[in-house]
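Heads up, the thing below is written out as structure tokens.
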Amino acid sequence: MASSKFVLFAILALSLLLSGTEARKTVWPSSELDPKCCSNQPEFGICDSKEDDERCAQMCLDGCPTNKGGGCQPITEAPGAVCSCYCA
């Protein structure tokens, strides 16, 4: 009787844990990365507000299989900031 309750509890707990997981592609270091990964994205345009920073982070999450996000980063080559997708 006690073991059947334990099994039922274990299955319920496992189901709850797995229901919140999100599938993302895994990229191994030796594999080829998408061009958006680890680079500046000048085609993003102006990147100078919090909304732009959030939009940049989402674009990098959606477009780069490393799933590290991104943000508006100042660069020396141009005034202002540019969207940059993170590597690590």
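Just so you know, glycine gets a Cβ as well, placed from its N, Cα and C.
The shown structure was predicted, so the numbers you read here are calculated from the model rather than taken from an experiment.
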Selected from Cys56, Cys60, Cys64: Swiss-Prot disulphide partner of Cys83: Cys56
Disulphide pairing with Cys72 per Swiss-Prot - partner from Cys38, Cys47, Cys87: Cys47
From Cys37, Cys85, partner that Swiss-Prot gives for the disulfide involving Cys60: Cys85
Among Cys47, Cys83, which are disulfide-bonded residues, the residue with the most C-beta atoms within 10 angstroms of its C-beta: Cys83
Closest of Cys56, Cys60, Cys85, Cys87 to Cys47 (disulfide bond), Cα positions, disulfide-bonded residues only: Cys56
Entry from the disulfide-bonded residues list Cys37, Cys72, Cys85, Cys87 having the most other CB atoms no farther than 10 A: Cys85
Alpha-carbon spacing, Cys37 (disulfide bond) to Cys72 (disulfide bond), which is rounded to whole Å: 14
Cα-Cα distance linking Cys56 (disulfide bond) and Cys87 (disulfide bond), given in Å to the nearest integer: 14
